[in-house]
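The annotation compositional bias 'Gly residues' is assigned in TrEMBL to 311-321. Here TrEMBL flags 327-337 as compositional bias 'Acidic residues'. Residues or ranges marked as domain '4Fe-4S ferredoxin-type' in TrEMBL: 212-241. Taken from TrEMBL, the feature region 'Disordered' applies to 308-337. Here TrEMBL flags 75-102, 132-153, 165-188, 279-303 as transmembrane segment.
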Amino acid sequence: MAKPKKFNLRLMVQVFFFALIALISVNKTLAAVGIGIPFLSTASLHALCPFGGVETFFSLVTTGFFVPKTQISSVILMSLVFLLALLFGPVFCGWICPFGAFQEWIGKIGKRLFKKRYNQFIPAKLDRVLRYLRYGVLVWVLTVTAVSGALLFANLDPYHALFKFWTGTVALPALILLVVITIGALFLERPWCKYACPYGALLGLFNKIRIFKIRRKTATCVSCQKCSRSCPMNIDVCRTETVTSLSCISCYECTSDRNCPKAETLVVQATKKSPQVSITVVAIVMLTVFIGGIFGTIALGVWDSKTQEPGSGGKNNGGGQKQQVEMQEEDQDKISD
């Protein structure tokens with residue numbers, strides 16, 4: 001008799017955030033014709049993306065203005081994700097990011113097609129070189145955004161293309177890149193995350209300083225390598241005592257009993273002698289910080305994701321310049337969200 005499948009908490013979290021962003025995207029379009037859902041956000045996806053906070057940070061510090069299409073919501077989300085990354089690593093990538101989840105789900109088709117060959121098509125030497133590409137993308141995105149004062153990366157952003165392809169407002173290069181990544185995900189696990197995602201590159205740095213790390217107990221490990229094979233980022237977990245790879249997305253699949261036959265061999269700890277932290281606790285803390293942080297800032301009146309409304313261009317700025325920036329934001333939002 002087949003064993004019943006265990007509840008997959010991470011999958012449920014991924015489905016929730018994917019559905020939420022999809023609904024918000026649709027609702028923004030419906031609201032434009034007066035039939036939006038009243039209690040659901042109509043914000044631009046850029047204002048709800050934590051990477052938008054990174055992109056707008058230079059402009060906000062040097063000029064006091066947000067880059068058009070971003071808002072204080074972007075900065076709040078960026079801060080919450082950084083806090084979580086300091087605690088547990090890039091859990092945003094492994095649990096919350098809708099585009100990461102999309103690649104995983106496409107990958108399930110690839111696994112059925114190619115079985116053991118799936119995720120093994122790139123030679124190891126080439127893979128190691130390609131891993132640095134996303135840092136080049138990060139530097140390029142931050143540079144062109146700082147110089148131009150605009151979200152030029154939006155013209156290439158596959159995440160935005162995924163949730164807006166049906167509106168006719170997405171730039172052709174972004175649509176092409178979305179198709180390429182979707183096809184690539186049939187052969188490789190999370191190709192965008194591995195080789196090109198600028199935000200993943202930045203969050204990956206936290207793996208070196210995160211408080212709670214994935215640790216492997218050599219005394220109980222049987223070297224079956226199931227943990228390494230289960231890793232979507234191709235990290236050789238079986239050969240390391242502490243996972244500090246820049247590529248780790250903190251999905252914690254390697255710690256699951258689905259992928260490790262020896263209980264408490266791969267664990268989450270601050271130090272080798274500190275108490276273990278269960279993945280359920282990690283998920284509860286993650287959701288509490290992320291969702292609680294959003295609702296907390298809403299309650300305090302700090303949260304604002306409405307880039308088209310007057311006053312979204314920044315605070316404590318000169319009236320004439322502020323009005324000009326607001327008009328520029330509104331014009332850009334009308335062209336494309």
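Note that the numbers count up from 1, one per residue, in the order the chain is shown.
Glycine is treated like the rest: Cβ placed from N, Cα and C.
TrEMBL does not curate its annotations; it predicts them automatically.
Sequence-remote contacts of a segment are chain residues at least 6 beyond its ends whose Cβ falls under 8 Å from one of its Cβ atoms, and for the domain '4Fe-4S ferredoxin-type' (212-241) they are 87-89, 104, 107, 119, 127, 189-190, 193-194, 247-249, 251-256, 258-262, 264-270, 272, 277, 282. Under DSSP, the residues of the domain '4Fe-4S ferredoxin-type' (212-241) split into helix, strand and coil as follows: 8 helix, 4 strand, 18 coil.
If one looks beyond the transmembrane segment (279-303) by at least 6 residues along the same chain, the residues whose Cβ comes under 8 Å of a Cβ in the stretch are 9-10, 13, 72-73, 76-77, 79-81, 83-84, 87-88, 91, 95-96, 212, 252, 255-256, 268. Beyond the transmembrane segment (132-153), the same-chain residues lying 6 or more positions past its ends with a Cβ under 8 Å from any Cβ of the stretch are 46, 52, 54-56, 58-59, 67-70, 194-202, 332. Model confidence over the domain '4Fe-4S ferredoxin-type' (212-241) is summarised by a mean pLDDT of 93.
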